[in-house]
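Here is the structure we will look at, set down as structure tokens.
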Amino acid sequence: MVDHAPFETDISTLTRFVLEEGRKAGGTGEMTQLLNSLCTAIKAISSAVRQAGIAQLYGIAGSTNVTGDQVKKLDILSNDLVINMLKSSYATCVLVSEEDTHAIIIEPEKRGKYVVCFDPLDGSSNIDCLASIGTIFGIYRKTSANEPSEKDALQPGRNLVAAGYALYGSATMLVLAMNCGVNCFMLDPSIGEFILVDRDVKIKKKGNIYSINEGYAKDFDPAINEYIQRKKFPPDNSAPYGARYVGSMVADVHRTLVYGGIFLYPANKKNPSGKLRLLYECNPIAYVMEKAGGLATTGNEDILDIVPTEIHQKAPVIMGSTEDVQEFLEIYNKDKAKSRPSLPLPQSRARESPVHSICDELF
């Protein structure tokens, strides 16, 4: 008789999880369709990433995207996969991608009620050296009764109904944030399904790791450099923080989520508005952080409170464990006190409901 003991027979897959949440909400099923289609794209990208060398997908395609990054062959493939799968979900009306100058308006016969902003392959500069890369996405509900347009994507992050990222590393992990929490799913290649491995994830109140590209230190605001020095040489003689930086936002943020600490990509003299894009990098990751009990700020305001004016808008980013971010803001506010009043320290807003709650209405 065959021993099936090593195999779990009642596994919680992402599809099952979404269907259960949809049943609880009594929803229409559109969000389920959208997430299932997005997962199919992520599985295909995961496979392409692992076969890139054999399939000759490494290298540069000979062009740059709208934000000035050199476009890699995997970028193009990933972008096409996400766009085509989201179109075929019949759940979206507007798509915003890092790779496209303008928003993509879905054909009338395929339209649904959701707006999706995404970076199909974050950290693509790391492709050739095999470092971890990822896909980032944020999902909004269309709020106007007009014909779909680019303006439908210009919503603050507080309006997100779901957001998350896929990390293509030693395994493929999908982190999905909704109003009811943050859940992590790992791709099991043997059955081709994402399996729930961490439910209702919470970030530590305080970590011991900071993540920033110190190569830009000479162009940083003095408050940034002061904070970094305090992490290296604590004034109270406590243990210094460890420095970790991959250069792929998804990889650096996921480590911060798992271990606690702080991730910084601040503005500098060369990039006074920051470098990361608000709609498809900052907002989705900030949403994940807040739903996990952390904080995400520009230094001057919560990232999720920014009302965007254009789809490729940039923003500074400081996010992570609550106590670490608050410590940064104390230093930042003190440094700026001469020119403006100090800002109140934000509190964790993980339990606040956005305008539209995925667990209340969406499926």
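Placement of Cβ uses the backbone N, Cα and C atoms for every residue, glycine included.
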Swiss-Prot annotation, AMP site containing VAL18, LEU19, GLU20, GLU21, GLY22, THR28, GLY29, GLU30, MET31, THR32, LYS113, TYR114 - matching residue among ARG141, ARG158: ARG141
Where Swiss-Prot places phosphotyrosine when the choices are TYR210, TYR216: TYR216
Co-listed Mg(2+) 3-binding residue [Swiss-Prot; alongside ASP119, ASP122] among GLU281, GLU290, GLU301, GLU310: GLU281
According to Swiss-Prot, which candidate in GLU98, GLU99, GLU107, GLU109 joins ASP119, LEU121 at the Mg(2+) 2 site: GLU98
GLU281 (Mg(2+) 3 binding site) CB neighbourhood, other CB atoms within 10 A: 28
Nearest of the binding-site residues (GLU20, GLY22, GLY29, SER125, SER248) to GLU281 (Mg(2+) 3 binding site), judged by Cα-Cα distance: SER248
Maximum Cα-Cα separation (Å), residues VAL18, LEU19, GLU20, GLU21, GLY22, THR28, GLY29, GLU30, MET31, THR32, LYS113, TYR114, ARG141 listed as binding AMP: 21
GLU98, ASP119, LEU121 excluded, remaining Cβ within 8 Å of their centroid (Mg(2+) 2): ASP75, SER78, ASN79, SER97, GLU99, PHE118, PRO120, ASP122, SER124, THR135, ILE136, TYR280, GLU281
CB-centroid shell, 8 A cutoff, Mg(2+) 3 site ASP119, ASP122, GLU281, site residues removed: GLU98, PHE118, GLY123, GLY134, THR135, ILE136, TYR165, MET249, VAL250, LEU276, ARG277, TYR280, PRO284
SER248 (substrate binding site) and GLU20 (AMP binding site), Cα-Cα, nearest whole angstrom: 33
